[in-house]
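Q: This is the structure, below, for whatever I ask next.
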Amino acid sequence: MFEIGNKTFGSRLMLGTGKYPSFEIQKEAVKASETEVLTFAVRRMNIFDSNEPNLLEEINLQKYSLLPNTAGAKTAEEAVRIARLASGSGLCDMIKVEVIGCDKTLLPDPFETMKASVQLLNEGFTVLTYISDDVVLAKRLEDEGIHAIMPGASPIGSGQGIVNSMNLQFIIRQSNIPVIVDAGIGSPKDATFAMELGADGVLLNTAISGAEDPVKMAEAMKLAIQSGRLGYEAGRIPRKMYASKSSPESGMIR
Ligand SMILES: CC(=O)[C@@H](O)[C@H](O)COP(=O)(O)O
């Protein structure tokens, strides 16, 4: 169990909702993942045209917490406008702040991200902020009062996995708010690694929606995250430079 703002979650896997081959497969994958949190880009989600298909109509909304995100925003002003739209539509008071600063890498703009996060905190939102693995920015945002920090493992949709585990560990160790590793996860081992490092959760999309079998991959990710968390709680052995025998010599029968 972990908490973000006033919500408690059993599952540590948060799912994006884009790029699935079909609604049917998406629904199955969401079910198999046992996620409790679905994030979606307010700008890209068809929530306003009742003639168009809409994922939110396809799923049982009682079962999930919705986490609208500000994907598509390039300035703080745009992100704030998108968040207000989501809240005005009664979707949720939680918001994932995402302000992209570079079209090629889709890495977030730290200055606009900070501005948007502070503004939305002042407006009473529960703020989860997506950043790159920037240790100093993570702390500054926590000091401002955000509710969870979401450092990227690697660029969105790249499937590169965790490229700087050192920075992620710095962020995890210094944080007094939940750390959700978000973006760039490619395979279950990446998700396990994030959890073994001590992350509170993982948010991912492409690794499941783009898999050959998204439903199977959703289950694999669920198990990977559970396994990584269990391993973290169990406490791994320290790394040693040289070998040490698995069977102790004292007490050996000669
Ligand atoms: C859905 C969402 O919020 C994405 O922007 C998120 O960052 C996931 O990235 P991946 O697709 O790399 O998992």
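Using the three backbone atoms N, Cα and C, a Cβ is placed for every residue, glycine included.
Dumping what TrEMBL says about this protein:
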type: DOMAIN; residues: 3-248; note: domain 'Thiazole synthase ThiG'
type: ACT_SITE; residues: Lys96; note: active site, schiff-base intermediate with DXP
type: BINDING; residues: Gly157, Ala183, Gly184, Asn205, Thr206; note: 1-deoxy-D-xylulose 5-phosphate binding site
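A description of the local structural setting of each listed feature is requested, covering burial, neighbours and distances.
A: Just so you know, the Cβ of Lys96 (active site, schiff-base intermediate with DXP) picks up 28 other Cβ atoms within 10 Å once every protein chain is counted.
Asn205 (1-deoxy-D-xylulose 5-phosphate binding site) falls outside any helix or strand according to DSSP and counts as coil.
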Q: Other residues with Cβ within 8 Å of the Cβ centroid of Gly157, Ala183, Gly184, Asn205, Thr206 at the 1-deoxy-D-xylulose 5-phosphate site?
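A: These residues sit around the 1-deoxy-D-xylulose 5-phosphate site: Gly16, Pro155, Ile156, Ser158, Gly159, Ile185, Leu204, Ala207.
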Q: Could you state the whole-number distance in Å separating the C-alpha atoms of Asn205 (1-deoxy-D-xylulose 5-phosphate binding site) and Lys96 (active site, schiff-base intermediate with DXP)?
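A: Here the two Cα atoms are 14 Å apart.
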Q: Return the residues near Ala183 (1-deoxy-D-xylulose 5-phosphate binding site), defined as same-chain residues 6+ apart in sequence whose C-beta is under 8 angstroms from its C-beta, sorted by sequence, else 'none'.
A: Tyr130, Gly152, Ala153, Ser154, Pro155, Ile156, Gly157, Leu203, Leu204
Q: Kindly assign Lys96 (active site, schiff-base intermediate with DXP) to one of the three DSSP-derived states: helix, strand or coil.
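A: DSSP call for Lys96 (active site, schiff-base intermediate with DXP): strand.
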